[in-house]
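Undergrad: So that we are looking at the same thing, I have put the structure below in C-alpha cells.
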C-alpha cells in the first residue's frame, strides 16, 4: 500500500528529543519493512511558532513569516532523515517532483513546507494526491476530527467516521471561530475531498499508533471516507 504520513511538528519535535524522533523513524521503518511505499511530511510545531512570533515582532511580513516556517519544517525533516539513515532521501524534498522521484528511486521522501501560504497539512494532502497514495495519515496532537475545537469547547464531540464533504463543512465552521484551530486546515480538507483519498486523523504522540492504523486499520481517531 502507498501511504503518506503527515507528522505534526508538535508531535515529532515539541522539544529537541532524539529518542522521540528515533521512535518515529522506527515506526516508519517498520511500515517500510512490511512492504508499504511511504512518503512523510513533517510540520514545524512550537519551534516554528516561536521563530514566527519573534520575526513578526521584528516587522517581518506574512510571506517572510511563511518562509521562516518552511525553513523550520525542513530542519525537523532533517532530524527524521538522520534517524531514518539510508532509507530516506538525503535531504528534505523541496518540491512534489523531488518527493515523487525519491519514491521512484525506492527512498522514503521527507517533505516539509513547499510554498508560502500553504501549511504542511495541505502539503501532505497534495503530495498524497500527486503520488496516488492509497492512504493519508495525519499524526497530530489531537485525537481526531471534532465538531468544534475541543480546546475551546468542552462539549465538542469527535467523529469516528465522516465523509470528505462533511469534513470540509466541519473545518470551515471551526476556522470561522476566532481563536479556534482544527486538526487539518481547510485547504487540506478540500484536497482530500477532491482526491478521494482515504484519510485517518489520530493522536500521534505514540508512533506505534500510526503502525497499527496502517497495518491493522485499528486506531483511536477519525476516518475520512471518500464520497461515493
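Cβ coordinates come from backbone N, Cα and C, glycine included.
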Undergrad: Please pick, from 39, 44, 144, the residue that Swiss-Prot records in the UMP site together with 66, 114, 115, 116, 117, 118, 119, 120.
TA: 44
Undergrad: Cα of residue 149 (ATP binding site) to Cα of residue 120 (UMP binding site): how many Å, rounded?
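TA: Counting only the Cα atoms, the answer is 19 Å.
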Undergrad: Largest pairwise Cα distance, Å, within the listed ATP binders 9, 10, 45, 49, 140, 146, 149?
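TA: It comes out at 23 Å between the most distant Cα atoms.
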Undergrad: With the UMP site defined by 44, 66, 114, 115, 116, 117, 118, 119, 120, which remaining residues of that chain have Cβ atoms positioned within 8 Å of the Cβ centroid?
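TA: For the UMP site, the extra neighbours are 69, 70, 113, 122, 123.
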Undergrad: Cα of residue 49 (ATP binding site) to Cα of residue 118 (UMP binding site): how many Å, rounded?
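TA: That separation, Cα to Cα, works out to 15 Å.
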